[in-house]
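Worksheet: the structure to be examined is printed underneath.
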Amino acid sequence: MDKISAPFFSGTSPAAASVAGVDEDDRLCFQAQELMFAYNISMVLRAAIQLGLLDALSAAGGKALTPNELVENVETSSNKAEAAAAVDRILRYLSCFNVVTCSSEAAGPDGTLVRRYTTGPLCRWLTKDRGDGTLSPFAVFVVDPDHLFPWHHIAEAVTAGGPSAFERTQKWPYYEYMGKNQRLGTLFDNAMAQHSVILVTKMLERFKGFDGVQRLVDVGGGTGSTLGMITSKYKHMTGINYDLPHVIAQGLPLPGVEHVAGDMYESIPTGDAVLLQWITLMLNDDEFVKILSNCHNALPKDGKVIVVDGILPENPDSSLTARDAFTLDIIMFVLFKGAKQRTEKEFARLAKQAGFTGGIKKTYIFFNFYALEFTK
């Protein structure tokens, strides 16, 4: 896949570019300041989603709305004029990042500007699910205070060693904590479910590796929604949704899908293909090889594992695709001890170590995700 240029934080600050006489020193200072305040966009985006502003603009069907019109459906204890002024400031900020589009016109004898807003290019992925997934639950989840707290302890994780920053601060491994914090766990489940809809929808369009598969085992498949999407297209296929007992207890009744409880570190049900979707980056190398070895034992001759995950570039650069990959890698560093994104060479080495000698076939899916087929 070709590298995609970054729309902002790209080395040429949009703010700096609009000011006459900006020299190189100015430009670098602008860029450093943008990095300092990068959290702003995530937090303001979360607020806009929670307030329903982006959904309201989407529902308007292209009609430009004023802040006064938008706050009519926002429950607030403040007066509407005050709320409208706050909404205006939120949306004009988001318009700087192509989330919404802003237009203005003079109104009244004093020439006061009235701004109107419509959806911007990025709203496509940040409004309510239209059947092909949305990132809005993820945008709310990732900056939730309970999820964000460990990020204040990255330096401590480096100097002290031992557990990840998340486990150090929250006192439990990531998934165990999600089970104990039901509020955050629900946000996490919703975020992952919608992310999976996006990914699997694109995978079914672009990936042909399920052709001929009769029995597909989805390891860590959650409630089975991914398998349900796959088996709805591949009617001949039987899907085995494999996850921990408390997860399988919430399994969805889906045609062609059988729910099986177990532990992927112990064994994996037999099938002619095994799917590992967005799991491998959460594993250290020893865990990854252990699970791949269990997959190898569950497969017939010429069976395959399908890993759906990102691929880390050999070297970092400023492209959007590289930044995305290294962003996920640093997220794994904060959340899980030893977990990481991997280069294609690292995938190949670990697959061979687990007994897969048939090589790797790579297919690009969508937003930096690939399907990697390891053949036995």
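For all residues, glycine too, the Cβ spot is worked out from N, Cα and C.
In sequence order, V219, G220, Y242, I291, N294 are the residues of the chain that are 6 or more apart from M264 (S-adenosyl-L-homocysteine binding site) and have a CB within less than 8 Å of its CB. According to Swiss-Prot, the S-adenosyl-L-homocysteine binding site annotation covers G220, D243, D263, M264.
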Would you list, in sequence order, the residues of this chain other than G220, D243, D263, M264 that have their CB within 8 A of the centroid of the site's CB atoms, where the site is the one recorded for S-adenosyl-L-homocysteine? V219, Y242, L244, V247, G262, Y265
Least surrounded, by Cβ count within 10 Å, of the binding-site residues D243, D263 is D263
